[in-house]
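Working notes, beginning with the structure itself.
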C-alpha cells in the first residue's frame, strides 16, 4: 500500500514529513501568481473538497490582490482526467488557452 511508499502518517516522523509538502498546509501570506487548479469530482485519491479548500485558502491568504485562483472541477472524471481522447484534448486545450491568456497571446493573430 501507500504506507510502504510514503510512510505511516500515524508516526510523527512521517506525519511531519508529509506536512512539509502538503499544498494546503503550506499556504502562507505571499504574493502568489495566478493559479489554475484542476480536479475531478470522482477522484478516488483526492476528494473534491480538498482542491476547493486549497483554492479558498490561496484566495484568502494571497498578498497579491490581483492574483486569480481558478478552480476547474470536472464533474465527470477522476484522478487521471478524461479517458476519451477528444475530451482529453479539450481539457489540454483549455489549459493551454489559460496559459496563452496569461502570456497575452490569446486571440492575437500571428502571435501563437
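Keep in mind that glycine also has a Cβ here, set from the backbone N, Cα and C atoms.
Per TrEMBL, the feature domain 'Peptidase S9 prolyl oligopeptidase catalytic' maps to 2-103.
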Query raised in the report: Going by DSSP, how much of the domain 'Peptidase S9 prolyl oligopeptidase catalytic' (2-103) is helix, how much is strand and how much is coil, in residues?
Result: 45 helix, 14 strand, 43 coil
Report summary line: Rounded mean pLDDT within the domain 'Peptidase S9 prolyl oligopeptidase catalytic' (2-103) lands at 91
